[in-house]
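Database features (TrEMBL):
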- 1-19: signal peptide (SIGNAL)
- 101-119: transmembrane segment (TRANSMEM)
- 177-195: transmembrane segment (TRANSMEM)
- 207-224: transmembrane segment (TRANSMEM)
- 253-272: transmembrane segment (TRANSMEM)
- 293-316: transmembrane segment (TRANSMEM)
- 355-376: transmembrane segment (TRANSMEM)
- 403-423: transmembrane segment (TRANSMEM)
- 435-455: transmembrane segment (TRANSMEM)
- 462-481: transmembrane segment (TRANSMEM)
- 487-509: transmembrane segment (TRANSMEM)
């Protein structure tokens, strides 16, 4: 079913929906006289920061100059595919299933590319990002709930960045910087990025490109050092089969999907593309913008996919099937106390991952791993800040400075993380990443359904994808809660699941009506997306 969803989306949506997406949204845009730009100004970027000024499009098939002008938003977006939560999912995938789940990583990345493509199209054609469109389409109460769910995803992502950065600092300092101190240090680095932001978006994009390069070099070094079997890598990537896999590997496959496709990233990308100045009255210019944004996103996600493959392959080759006794206990490492002296299968996280690399391949492997984790955590910091700002402004029409926004988000993220860092050990801190990956997976429908509502018209693909995603989410939650073995949590999870499925069903109901299944609109109160985008102040009866 998973592969069916992937290939249905790939083969059906891009071919049959391209014209309907662009034409429908373009007609809505032009009919509102460029959406009366003063009502929705591009407030998110510094004045004069529109990087790509309008130029005369000559109609050539491809131009590196134009591609360079549009380069930036896709790479900022791709950082969410490389955050510490993704890295932990990658290394656990390799250690638990070897190379067998690389095809799941590939499929999840392709689905992510399609969703980012839809998000970019929405921003380019309408001049509004997804949160702004949701504000126009959904009634007040569902809109507030949707905003809270996306904010929850952003805070969860920020917590993963804090955890990753704190662990990296602890490894680099050989334990001299305790975990709680590393958590506090992340407050400072956030404001450093805000300082860089004042120099302009283009320079910030270049800096994040530098951080991605550091990750590629760090994890690429580990890949070369371990030298995995290339045939096994390719087989795992293109043969959709997992021989001998059990519940553990299935749970990990679900975790890969939840870690790769980040809900707030869809909102972010639809807003980032507005940083380029495009004449939306010119269909040709809009079409070229969509083309170059798609090319740039494809390149960015290809790079992120390679980095994720590096991590999976390293742990698949070196540690798949290994026992605790075979890891550090036989190397005389100072960190051998992390691994019990037994023959149970090795369990790793981003902290133990660096330790075992150091045990097998020397201190350089450990430090380079820590540098890569630090770059992953730091690079994700500012994109989370941007996401939060766009989401808050779009859903609530509330204007906050980035300083206030990052202070709020980081404070909420740091409080529970700091408590765990002070009163628990590193195992509990890294264990939070597993919970946060579950949280991200649960929030995915709250980005997936809205973006499909406003951009796609293939009902078969819609039903299939939503069914698969919701099934994956609920399976992931059931597995996670069952492992906690608490009757109170069982009852709480059951109630939460009912509320969750009810709200998802409501969003699907409005989505189907918006896509033309008008018989579901019993009171005639739901507006279609074209009306939503055309009305300056839409009124809702439901």
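Note that Cβ sites are derived from N, Cα and C of the backbone, with glycine treated the same way.
Automatic, uncurated: that is what TrEMBL annotation is.
Of the Cβ pairs linking the transmembrane segment (435-455) with the transmembrane segment (487-509) and spaced 6 or more residues apart, 3 or more are under 8 Å, so the two regions touch. Contact between the transmembrane segment (253-272) and the transmembrane segment (101-119) is supported by 3 or more Cβ pairs under 8 Å, counting only residues 6 or more apart in sequence. Among the recorded stretches 293-316, 355-376, 403-423, 487-509, the one sharing the largest number of Cβ pairs closer than 8 Å with the transmembrane segment (207-224) is 355-376. Long-range contacts of the transmembrane segment (177-195) within the same chain, counting only residues at least 6 positions beyond its ends with a Cβ under 8 Å from a Cβ of the stretch, are 161-162, 165-170, 204, 377-378, 381-382, 385, 402-403, 406, 410, 414, 417-418, 421-422, 426, 429.
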